[in-house]
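Asker: The domain 'CBS' annotation in TrEMBL covers B:216-273. Positions annotated as transmembrane segment by TrEMBL: B:301-332, B:373-396, B:402-426, B:438-461.
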2 protein chains.
Amino acid sequence: MALDVEEIAEDARDAYALDKSLRAHLREAIETHDVAAIDALMEPLHPADIADLLEQVSSAEREAWLTHWSSGIDGEVLSELEEGLREKVLDLLPDAQIAVAVRELDSDDVVDLLEDADEAQAEVILDALEPADRAAVEAAMSYPEDTAGRLMQREIVAVPEHWTVGEAIDYIRGQAGKLPEEFYHVILTDPRMKPTGYVMLGRLLATVRGVKLTDITEDSFRPIPATQPEEEVAYAFNQYHLISAPVVDDDGRLVGVITIDDAMIVLDMEAEEDILRLAGVGEESSLSDGIIETTKQRFPWLFVNLVTSIIASLVIAQFEVALATIVALAVLMPIVASMGGNAGTQSLTVAVRAIATKDLTASNLMRVVTREAGVGLINGAIFAVVMGIVGVVWFGTPMLGVVIGAAMIINLLVAGLAGILVPVVLDRLRIDPALASGAFVTTVTDIVGFFSFLGLAALLLL
Amino acid sequence: MALDVEEIAEDARDAYALDKSLRAHLREAIETHDVAAIDALMEPLHPADIADLLEQVSSAEREAWLTHWSSGIDGEVLSELEEGLREKVLDLLPDAQIAVAVRELDSDDVVDLLEDADEAQAEVILDALEPADRAAVEAAMSYPEDTAGRLMQREIVAVPEHWTVGEAIDYIRGQAGKLPEEFYHVILTDPRMKPTGYVMLGRLLATVRGVKLTDITEDSFRPIPATQPEEEVAYAFNQYHLISAPVVDDDGRLVGVITIDDAMIVLDMEAEEDILRLAGVGEESSLSDGIIETTKQRFPWLFVNLVTSIIASLVIAQFEVALATIVALAVLMPIVASMGGNAGTQSLTVAVRAIATKDLTASNLMRVVTREAGVGLINGAIFAVVMGIVGVVWFGTPMLGVVIGAAMIINLLVAGLAGILVPVVLDRLRIDPALASGAFVTTVTDIVGFFSFLGLAALLLL
């Protein structure tokens with residue numbers, strides 16, 4: 001039987017897309033204020049899918065939905081919502097509903113909610129918690145935002161490091177009912193509660209009773225300081241294939257644990273942020289934002305671009321005589337600038353990602369700079385020949401071909417160098433290179449492109 | 001005690017950066033062919049860090065390093081290397097060394113290696129495996145590349161669905177020594193080996209013996225078809241917070257299991273691919289590539305850009321009379337095109353990501369298109385006023401201000417619409433929107449920008 005891979009792949013492509021009729025039915029149920037129907041539609045869905053639906057409907061629909069279904073929004077759905085929208089949804093929910101919702105959540109998800117809540121809502125949330133949970137949440141909130149301390153769960157399964165497999169299993173079995181619902185390893189601690197290693201549950205179960213726990217610990221053991229920024233945490237999980245990691249305070253004592261699912265969310269968010277920042281879109285931008293919000297997010301980068309393109313125009317204005325004499329210059333000059341801008345964007349994107357993944361370091365910087373310069377020169381030379389020919393054929397002036405060719409080489413070389421050096425310098429200055437590199441690099445390539453092309457033309461053609 | 005958060009953050013920022021002196025010492029050891037010194041330097045490092053070092057050195061250094069240290073490159077390091085480089089490293093290693101290396105690896109990692117090996121190397125790798133492992137690897141290779149079948153591990157811990165917690169624990173304990181080293185859940189199967197649910201190990205350990213396994217299964221149970229594309233698998237893990245998921249064949253029978261660490265790698269790779277594709281950089285580009293390789297990767301997109309910018313120039317050429325009469329037009333026209341290009345890139349980046357994360361669907365497309373048009377109009381109107389004033393002040397011709405303002409509104413509106421519609425149409429045509437949207441959108445904004453500005457100028461100013 002020949003397997004029709006194409007067809008299967010085609011079907012599988014939309015494997016997790018939500019059913020189209022679902023949205024139509026939901027819309028109808030919202031319009032008719034039919035709470036029972038909304039309940040029935042949402043019942044089979046995962047909280048993450050309900051959150052996605054909330055993000056996809058218009059804000060008017062969302063408001064109507066929540067007004068008639070506030071009892072349906074549970075803590076899980078709230079913690080699945082993207083940050084910007086969570087704030088809006090919290091504002092639409094009655095306090096009593098928020099209190100009910102948070103009681104089901106783990107401490108790290110409550111912390112997440114608190115970060116988006118206003119002061120009055122924060123009080124409602126904290127008051128809703130049991131004293132022990134409240135203490136755990138307040139302890140987490142004492143760490144700076146976006147650090148390991150905020151990310152970790154306080155629920156820990158730890159045993160003395162000198163125990164055997166049998167002792168650990170007996171202890172855990174004796175605790176049945178009192179343990180966290182999900183845990184993947186047992187942490188070994190010394191008498192001062194410093195973690196000294198950890199054992200995966202699978203390994204524990206697959207080992208005979210007499211073996212010492214210290215003999216089956218994982219090599220990948222890496223305690224994470226509670227104040228470590230969350231992007232570093234995500235990097236460590238990704239780089240060292242951690243499944244979970246103990247979190248320690250300033251004295252090295254165990255205070256919590258971070259699991260890979262939390263790290264995966266951070267990693268995904270960081271990549272998303274880089275993509276949006278590189279494109280000059282506010283990193284909190286979301287499809288659920290309205291026109292005014294989106295306009296505000298996009299305006300700043302467009303404004304920066306306006307200023308930089310006016311600067312480029314000032315360069316052009318220096319060559320009014322040349323432009324008035326040879327109209328072909330006006331026709332051809334955007335090509336040089338555009339090629340430089342694109343080559344620069346290529347270099348800077350590679351550099352920004354290499355900085356984020358710690359692949360670009362002091363030791364290989366010179367090699368990469370040399371490479372970018374070389375690539376710029378070679379591509380510049382190829383396109384110089386192409387454009388030289390285009391210039392001659394189109395306008396019949398051989399010297400015009402020489403001018404545009406030379407400008408092309410200069411601009412692609414500069415683009416390669418600016419593309420790597422601007423992000424590196426911004427990173428040294430502790431400015432996020434994803435955020436600001438684009439504006440700098442295209443300004444450089446615009447100015448150099450126009451100046452070299454028009455300058456050479458003024459020199460050689462007038 | 002006031003906590004100096006800034007200072008801690010600063011230190012923690014480079015938490016996982018490799019020691020600078022390490023590279024200097026490594027370089028020295030390579031130069032002097034000092035295998036013992038290389039061994040000593042690499043000994044404390046995680047395979048992922050050794051792989052990073054291999055990626056960071058120059059190709060000459062890498063060759064010298066591998067020639068004198070081929071015995072040191074183990075399977076773990078090989079599987080940590082990025083794809084392009086792995087191919088080159090495999091070519092540098094003696095066959096015997098490759099055979100030794102692969103024997104330590106899990107079946108999914110061997111599959112990874114095979115994908116990058118040439119035919120002769122593939123034979124060496126397969127011959128090195130035990131018959132059972134070889135069968136597992138060949139079974140995985142029978143699934144299409146980049147699908148769940150290639151990603152999964154064949155090592156499974158499964159028990160009959162009617163068992164109790166006590167029975168499952170006794171069974172697992174009885175298998176001690178025969179189980180995979182890492183597993184996070186026990187899969188329940190019916191008599192025909194179809195998975196019907198799964199129980200996390202932590203939950204199993206935390207539950208009293210008499211409870212039926214079916215009473216403590218996870219809600220998130222989602223069997224994954226072996227032919228499902230890996231980006232869909234990664235989406236499911238991220239969306240539904242899966243830790244691991246059973247993989248089934250066409251008949252729904254259990255054939256393997258995928259764990260979150262593999263899904264995390266795919267998710268990371270997909271985001272990286274999107275970033276590089278959006279910037280017109282070959283998605284396999286890496287810092288370890290040389291000048292020629294990098295030039296080849298970047299050339300195609302630059303060539304596409306050359307063609308599109310020549311098309312834009314052809315538009316400009318239609319207005320030679322206007323340009324010859326009013327030089328200010330040549331000075332100002334790049335501003336309109338550049339603003340359109342940037343606004344278009346903003347819209348298309350948001351659209352490309354929303355398509356990748358399944359947030360943009362048929363049901364909210366109209367709302368998003370309307371929003372993008374609205375944003376384009378508002379930002380266009382604001383920048384029209386700004387540029388109108390600049391035009392009047394700079395060149396003293398009020399009508400020039402009107403022309404550039406009107407062109408700005410038109411181009412930003414078109415940019416918003418093209419930015420959303422081009423990726424959506426490409427996606428419908430099964431073309432990766434990240435790859436091709438940029439070229440289309442900037443062509444549109446260039447042409448519309450030049451045509452509307454110069455056209456209006458010819459109409460109103462001549």
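Note that Cβ sites are derived from N, Cα and C of the backbone, with glycine treated the same way.
Just so you know, TrEMBL annotations are computer predictions that nobody has curated.
What's the neighbourhood like for these features in this structure?
Answerer: Secondary structure counts, DSSP: the domain 'CBS' (B:216-273) has 25 helix, 14 strand, 19 coil.
For the transmembrane segment (B:301-332), the list of distant contacts is 280-281, 387, 391, 394-395, 397, 400, 404, 439, 442-443, 446-447, 450-451, 453-455, 457-458, 461-462: same-chain residues at least six beyond its ends, Cβ to Cβ under 8 Å.
Residues 328, 332, 335, 339, 343, 347, 402-406, 408-417 of the same chain, all 6+ positions outside the transmembrane segment (B:373-396), place their C-beta atoms under 8 angstroms from a C-beta of that stretch.
Sequence-distant neighbours of the transmembrane segment (B:438-461) (same chain, 6+ residues past either end, Cβ-Cβ under 8 Å): 278, 280, 301, 304-305, 308-309, 311-312, 315-316, 318-319, 321-323, 326, 329, 332-333, 336-337, 339-341, 343-345, 347-348, 397, 399-400, 402-404, 406-407, 410-411, 414-415, 418-419, 422, 426.
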